[in-house]
Amino acid sequence: MFSSRFSITLRSVLLFSLLGAITRAQITLTGCHIQEGQEICFLPGGAETTIISNTSTPTPTPTPTPTPTSPASVAAETTRNVQTTAITDCHQHDTTQYCVKGNGEEVQVLATANGSEALPTAYNGCHSHGSTMFCLRPDGAEVEVLGSTEEVASTEQESSAESEGGENCHFHAGVEHCVGGSAAATCERKDRDYNIKLRIGLLFVILFTSAIGVYAPIVMARVLKTNGTEIVFTVVKQFGTGVIIATALIHLATHASLMFGNSCLGELKYEATTTAIMMAGAFIAFLIDFTGHRLAHWRWQSTIERQTASISSQDNSRDEAAVKGHPTSTLAHLSHHHDINNVGTTHANDGLSIFILEAGIIFHSLLIGITLVVAGDSVFITLFIVIVFHQMFEGLALGARIAVIDGLHTIKYIILPMAFTLVTPTGMAIGIGVINKFNGNDPSTIVALGTLDALSAGILTWIGFINMWAHDWMYGELRNAELTKTLIALISLMGGMALMGLLGKWA
């Protein structure tokens, strides 16, 4: 009987050993990947295991030969608790993809679509690198998986804190420009919060501000019946000159340089692209200005020659004294209004010069309107306040020059100021229309904005330096002005430069 019991016990031990070996041989591993030189796989229960090789000589144990349908066995040690090996039921919330883990928890997936291909609806082979979870797309690529809503919020707060601590981001002409920090740059369009109703309402504020800026000097000149040489008008004009100079160099030239230096555009084959376009803008302004003055000189000279010939051929039977007095008076009158020696001189109050000035302003004012509204809500109000002052200062600069144009009443009082008043709100309306599509880092957008900014900078540089600054100080009213007026004008000039230069910090 003892022998029989011993035989049964021995058979039981051998049977359990054999079943254990068979079970061990049939473990199926999934999601295998290499991490830090080690192969890591997942057990059926979801536990992460590290595949190890037996370098020491183990005690020989009987290993059954697996059947063709049985997977090969491997020695593995568990390194983590059971976790999700796949996420399913993936869906979109706006532009963000969310999936569901095995325990029903919804997680965010940081994935982007490849071309026109839709995002996968499930990911498998989920694993961790440190404290970050990754899963595999059907094509084998890794995607990062954020945790629960609380974990995602915590991650965003940490990222925001890192940005605030090491990165300074602001907008230049609708393009976010960041300095410092370690975040990877991207050329993709960024989704931002846009308060459309607020933007529509503030469009009319810009309209009203622009109108006040440009019409104030015109109305003041009309009421005071001034010719533009009074001290009040001198202050406004010199302040405006400083504004135009700062706009050309600090705002437009800087914006153009940032555009053409954008990494999304790639490396420029010609590094002086910005200044070359500025030079072209200045040359175009000069060519129009010079041609216009040459034509005016030719017209006025022809008029004088015709009237002189007509006077000399008058009837000689008239009284000699009367005959001599008449042409002298007539020629003096013509000379007073058409000084041949001064026709070729650049005159800041000429209608042609004002047209060129307004063209340069209109080009970049349209861009200002577009790029203002496409900035995210986080910076929109700050930019709006800056643009309000920008429009006010530029309006004063333009209005002060329009106010003292001789003649051209319809153009002077309606067309020129109205064009400036409407151009920035028009740009804002266009921006609202494309707000959900605009990408300031798109190469074609970069080239368009950079070219117009540089071209406008060149035009305003010519007008500001030659037709405004040099004319007033070297050839105009301030050449021989008294010391008090000269100092006041100088302070006004520097004030315009300083205030407009300060605005360049934000826009």
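For all residues, glycine too, the Cβ spot is worked out from N, Cα and C.
What TrEMBL records for this protein:
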type     : residues : note
COMPBIAS : 59-69    : compositional bias 'Pro residues'
REGION   : 51-73    : region 'Disordered'
SIGNAL   : 1-25     : signal peptide
TRANSMEM : 200-219  : transmembrane segment
TRANSMEM : 231-252  : transmembrane segment
TRANSMEM : 272-292  : transmembrane segment
TRANSMEM : 366-393  : transmembrane segment
TRANSMEM : 413-434  : transmembrane segment
TRANSMEM : 446-466  : transmembrane segment
TRANSMEM : 486-504  : transmembrane segment
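When each of the listed stretches 200-219, 231-252, 272-292, 366-393, 486-504 is scored by C-beta pairs under 8 angstroms to the transmembrane segment (413-434), 366-393 comes out highest. The listed stretches are 200-219, 366-393, 446-466, 486-504; of these, 446-466 has the most Cβ pairs under 8 Å to the transmembrane segment (272-292). For the transmembrane segment (486-504), the partner stretch with the highest count of Cβ pairs under 8 angstroms, out of 200-219, 231-252, 446-466, is 231-252.
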